[in-house]
Amino acid sequence: MSNTPADAAQPSAAREVLTAAEIDRALTRIAHEIVETTKGGQDLVLLGIPSRGVHLAARLAEKLEAITGRPAAEILGSLDVTLYRDDLRHSATRTPAPTLVPPAGVDAMTVVLVDDVLYSGRTIRAALDALNDLGRPGIVRLAVLVDRGHRELPIRADHVGKNLPTSKNESVRVELTESDGADRVLITDRAETKGSAL
Amino acid sequence: MRHLLDTVHLSREDAIRILDVAETMSDVSGREVKKLPALRGRTVVNLFFEDSTRTRISFEAAAKRLSADVINFSAKGSSVSKGESLKDTAQTLQAIGADAVVIRHPASGAAQRLARTDWIDAAIVNAGDGTHAHPTQALLDALTLRRELAARAGVDPTGRGLDGARVVIVGDVLHSRVARSDVWLMHTLGARVTLVAPPTLLPVGVETWPCDVEYNLDAALATGPDAVMMLRVQAERMHGAFFPSVAEYSRRWGLNEHRLGLLTPEAIIMHPGPMNRGLEISAAAADSPRSRVLAQVANGVAVRMAVLYLVLSGAPSTEGA
């Protein structure tokens, strides 16, 4: 629906790489992959990484509910990684967001971390540390909407919506209805946007 | 945020940010691993020139939960008793490599002095200076009240102020840095504060503060406040006679069983501690289900974690005031 001529009016180099329909299809596929790898979605916990990972996790939980019948509220949570980041002294002060764990906790569960963009891998490193302080999951997996490469740590995603080869000078911006009014993924030159990719 | 010195200069936006961060910090206290790595490798010095139990322990717990290294310094048993000046002490801490200094001092303005000199580069957090300010106490009071109001309305406290709340602060306002910090912070957050005290325990110039003043406690309670905060009668600062007798003070300005009955069902009781039971607050009031004294202590750790995190994180170049 957002794939209209209006996109041509975007500031110069912004390029839409995923449309709303493509995002939805990618999430549907990831949901089915999760059901398959967890043998029907047993002992599953979805933890979204704020801010857009939380929205994506909520959508995945709804799709999983449609497939497995388990209520979304029972498996959905959020995991704030702000206080575990390795760049707290090198960037502007970040305000932490709440961490919410579903009632069953994370011990011995299959935890799927959900984020919008996988880039350096440092956010996921912080998330693994944060998760470790919450309990001892049985298995930890990673689902991302976009993998843009340029990893700085030995981390990979188990479920990827789209692999997007990018240059380091570009910025990948995931926009979701919940926070930005519409669903789409844009690539822009780094100079033009602050970018939510990190 | 570079320093936290008082609440007069704290904007509504900054105050709400501190409270919001404190809300996320308080989740940590309920976890099995009560530790966050945010301040790993940073050194926090608790520089206490005045006696304190809960504030020092609270700051120490807060710094440790954020993985900072904590050095406790109390004037008793230190070189201060040999005559070392604040300047020399500060320079010593600078040489040791302190990243933040939490200072409690009997002289009003001691925290400002440290923040504005080149004696030391560390972030300065005021933990009470003379009769001037005690900002973290005011913030924990605001956090306690905000959570109460949000629970009553059935909403999430995050991002909210104290708009429309009515708070009565009773007692020794003259000597109370807590009352000064509370009045300004709660005013900034949209609450209406009424001070109740004998005229001798109100400071000169109180009419210029953003609050109402009342001399009769029963009249103030009859207006149905959301919270009543009792202040400690600070005997150690009273070298003159401020009221005729303890019994008379207790009768006219103490929170006794009779006055407990005047409160609305939702009203809460707060006290910054330590309490003089039987003087400004009766045992029945202190131990009643309305009392939030222990919640205040627990919230104190969360607020101090938030303040230490906010003054110690962020690149220097990206910082505002």
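From the backbone N, Cα and C atoms, a Cβ is placed for every residue, glycine too.
Those TrEMBL annotations? Automatic predictions, nothing curated.
According to TrEMBL, the protein carries these features:
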type    : residues                                             : note
DOMAIN  : B:2-146                                              : domain 'Aspartate/ornithine carbamoyltransferase carbamoyl-P binding'
BINDING : B:R54, B:T55, B:R104, B:H134, B:Q137, B:G273, B:P274 : carbamoyl phosphate binding site
BINDING : B:K82, B:R177, B:R232                                : L-aspartate binding site
DOMAIN  : B:164-310                                            : domain 'Aspartate/ornithine carbamoyltransferase Asp/Orn-binding'
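Taking the features listed in TrEMBL, we show where each one sits on the structure.
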| residue | record | DSSP class |
| --- | --- | --- |
| B:R54 | carbamoyl phosphate binding site | helix |
| B:K82 | L-aspartate binding site | helix |
| B:R104 | carbamoyl phosphate binding site | strand |
| B:H134 | carbamoyl phosphate binding site | coil |
| B:R177 | L-aspartate binding site | helix |
| B:R232 | L-aspartate binding site | coil |
| B:G273 | carbamoyl phosphate binding site | coil |
Exercise. Taking every residue in the domain 'Aspartate/ornithine carbamoyltransferase Asp/Orn-binding' (B:164-310), what is their average pLDDT?
Worked result: 93
For this session: Express the distance between the Cα positions of B:R104 (carbamoyl phosphate binding site) and B:R177 (L-aspartate binding site) as a whole number of Å.
Result: 12
Exercise. Taking Cα atoms as reference points, which of the binding-site residues B:K82, B:R177, B:R232 is nearest to B:G273 (carbamoyl phosphate binding site)?
Worked result: B:R232
Seminar exercise, completed: Students should find that the Cα atoms of B:P274 (carbamoyl phosphate binding site) and B:R177 (L-aspartate binding site) sit apart, in Å rounded to an integer, by 14
Exercise. Out of B:K82, B:R104, B:R232, which has the highest number of nearby Cβ atoms, where nearby means within 10 Å of its Cβ, if these are the binding-site residues?
Worked result: B:R104
Exercise. Where B:K82 (L-aspartate binding site) and B:T55 (carbamoyl phosphate binding site) are concerned, what is their Cα separation in Å, rounded?
Worked result: 25
Exercise. Taking the mean position of the Cβ atoms of B:R54, B:T55, B:R104, B:H134, B:Q137, B:G273, B:P274 as the carbamoyl phosphate site, which residues outside that list, in the same chain, have a Cβ no more than 8 Å away, listed in sequence order?
Worked result: B:S52, B:T53, B:S58, B:A127, B:G128, B:V178, B:P272, B:G300
Seminar exercise, completed: Top of the binding-site residues B:R54, B:H134, B:R177 by count of other CB atoms within 10 A is B:H134
Exercise. From the Cα of B:R232 (L-aspartate binding site) across to the Cα of B:Q137 (carbamoyl phosphate binding site), what is the distance in angstrom?
Worked result: 13
Exercise. Hey, how far is B:R177 (L-aspartate binding site) from B:R54 (carbamoyl phosphate binding site), Cα to Cα, in Å?
Worked result: 16
For this session: Mind telling me which of the binding-site residues B:G273, B:P274 has the densest Cβ neighbourhood, counting other Cβ atoms within 10 Å?
Result: B:G273
Problem set entry | Cα-to-Cα gap, B:R54 (carbamoyl phosphate binding site) vs B:R232 (L-aspartate binding site), nearest whole Å | 14
